[in-house]
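Notes follow once the structure below has been shown.
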């Protein structure tokens, strides 16, 4: 089970309301919570807009009360994965739109109660780079996890529309993912464990947030059999069953960045013909410093198990894929398409030995990140155009 200790600094949290009717001191308690919230906001390095948005979210959340199955009206399905279905719902008592993840588990009541208890840690995970949490409950054989609704969906969904995501956009994504991982590690001593495009959510305000991180060891254990797809983003050390740390999340981020850059899951690597089809021009062997001829063993016959590219080979079996991740050279970005800074950044994430792989601190000070932090990028505008969303009347140029 994932070990958790008390955060070094007080976690940013506001106590969820309990549906027992108003008490004489509820107004005073609410004001005390708000003062406490403002103090904790000051501890995080946020700009004014981020502070206002977090404060608004937590103030709304305090009015939600106890979550019950009968209080939700289903609007539409948002997606499925990790053993659950995510739907867009309206919480009738508050009028709030939420994303509700339903996970069906055949488990004993004691295990179920432990999962719900462990998920309560999410109430304390409040950051501009972490999807907001309203609460979790059990009903009719299913655990419900209610979260902030992100109208841009996940980056794997965005990729289907965009085909490829531009480097300057991925610069902003990289900043948000690194800051989200650093927040989870520094404030809560937890690692994500499941970084991949479908767990990076975006919205029309230009915000980029992580979801589905491993706060509940019992839930992870109970869902172990449904993690086959997720294993394709796991680091070599994790696939081999050895000790792993937040360095494993960095591998997963690097692999995700290559996928979002070329438009398909990058293992096995695309050959020159496929790269030419992807980028619309001839490529010389495609991958910098890693010609296919020096691969230690012949390239497996299968194509990626999923993706949006033009590879027509039969799908790669999962055991072939996992063997490839452990024993073959890591993926790289194609030469001549991306900046050297971005290529180096990804290469540092995808070093197979975790002791040599870059850590969060090194990556945050990398030239690619420093450049992306000062670059003016209209992330919200790009996303809204790509997904044909209505842009809010007061969008930000970047939310990171």
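We number each residue from 1, going along the chain as drawn.
The backbone N, Cα and C atoms fix where each Cβ goes, and this holds for glycine too.
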Fill in: Annotated stretch (region 'Disordered', per Swiss-Prot) among the listed ranges 244-265, 266-287, 288-309, 310-331
288-309
Practice prompt. Let me know how many other Cβ atoms fall within 10 Å of the Cβ of residue 86 (ATP binding site).
Written response: 24
Worksheet item: So, in DSSP terms, is residue 194 (active site, proton acceptor) helix, strand, or coil?
Response: coil
Practice prompt. Run through the Cβ atoms and count how many others sit within 10 Å of the one on residue 194 (active site, proton acceptor).
Written response: 20
Worksheet item: How big is the Cα-to-Cα gap, in Å, between residue 78 (ATP binding site) and residue 194 (active site, proton acceptor)?
Response: 19
Worksheet entry | Confidence summary (mean pLDDT) of the domain 'Protein kinase' (72-369) | 87
